[in-house]
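Visitor: Just passing along the structure, written as structure tokens.
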């Protein structure tokens with residue numbers, strides 16, 4: 001009864017054991033699945049659309065610095081991978097700071113709208129997840145490996161916004177632009 005009962009269980013465990021191996025490399029490949037990035041882009045667009053017509057409660061009492069999301073495709077394609085990684089990593093860091101600052105300003109507002117707070121909280125969560133996924137893809141290491149003395153490593157271009165709708169537009173544009181370009185190239189390289 002004892003040995004016979006263990007045999008099917010042992011066989012089942014041998015069958016299921018290899019299924020655990022793909023999970024070890026899942027985070028790096030996860031960002032390479034276009035549906036994952038599309039989900040974050042969709043959330044950013046929803047937040048942008050929700051705040052477009054918003055006047056009351058959507059303006060900040062101070063300016064928030066955000067990354068410039070414009071992409072010169074010719075220059076981008078000629079950039080070294082490390083430069084692209086640095087631009088994306090710095091942009092993501094600045095955008096995270098901006099969203100967190102927006103969250104703090106919204107929390108201190110006299111009558112914060114719960115729907116706006118929900119969109120900001122989702123953006124904070126999304127940026128944390130994207131940061132983790134980019135770290136698994138190696139973006140942080142590539143950005144750090146770029147020598148500071150490289151003349152083509154220009155400082156990140158930035159400007160300020162004064163409203164939640166503008167902040168979400170930048171968030172959406174950054175995800176659709178530089179982040180999508182970088183992850184697409186990093187995933188195509190196939191060494192991840």
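From the backbone N, Cα and C atoms, a Cβ is placed for every residue, glycine too.
In case it's useful when we look at the structure, here is the feature table from Swiss-Prot:
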- 32-187: disulfide bond (DISULFID)
- 54-58: disulfide bond (DISULFID)
- 49: N-linked glycosylation site (CARBOHYD)
- 63: N-linked glycosylation site (CARBOHYD)
- 108: N-linked glycosylation site (CARBOHYD)
- 1-25: signal peptide (SIGNAL)
Visitor: Who sits close to residue 54 (disulfide bond): which same-chain residues at least 6 apart have their Cβ under 8 Å from its Cβ?
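Guide: Residue 54 (disulfide bond) has long-range Cβ partners 113, 116, 164, 165.
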Visitor: Please compare the glycosylation sites 49, 63, 108 by how many other CB atoms fall within 10 Å of each one's CB, and tell me which has the fewest.
Guide: 108
Visitor: Looking only at 32, 58, 187, which of these disulfide-bonded residues has the biggest number of Cβ atoms within 10 Å around its Cβ?
Guide: 58
Visitor: Measuring Cα to Cα, how many angstrom lie between residue 108 (N-linked glycosylation site) and residue 49 (N-linked glycosylation site)?
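Guide: For residue 108 (N-linked glycosylation site) versus residue 49 (N-linked glycosylation site), the Cα atoms are 23 Å apart.
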Visitor: Check residue 49 (N-linked glycosylation site) against DSSP and tell me helix, strand or coil, would you?
Guide: helix
Visitor: Tell me whether residue 58 (disulfide bond) sits in a helix, a strand or coil according to DSSP.
Guide: coil
Visitor: Out of the recorded positions 32, 58, 63, 187, give me the one sitting nearest to residue 49 (N-linked glycosylation site) by CA distance.
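Guide: Result for residue 49 (N-linked glycosylation site): the nearest of the recorded positions is 58.
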Visitor: Could you check what DSSP calls residue 108 (N-linked glycosylation site) once collapsed to helix, strand or coil?
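Guide: Residue 108 (N-linked glycosylation site) sits in coil per DSSP, no helix or strand.
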Visitor: Between the Cα atoms of residue 32 (disulfide bond) and residue 63 (N-linked glycosylation site), what distance do you get, rounded to the nearest Å?
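Guide: Counting only the Cα atoms, the answer is 34 Å.
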Visitor: For residue 63 (N-linked glycosylation site), what is the secondary structure by DSSP, using just helix, strand and coil?
Guide: strand
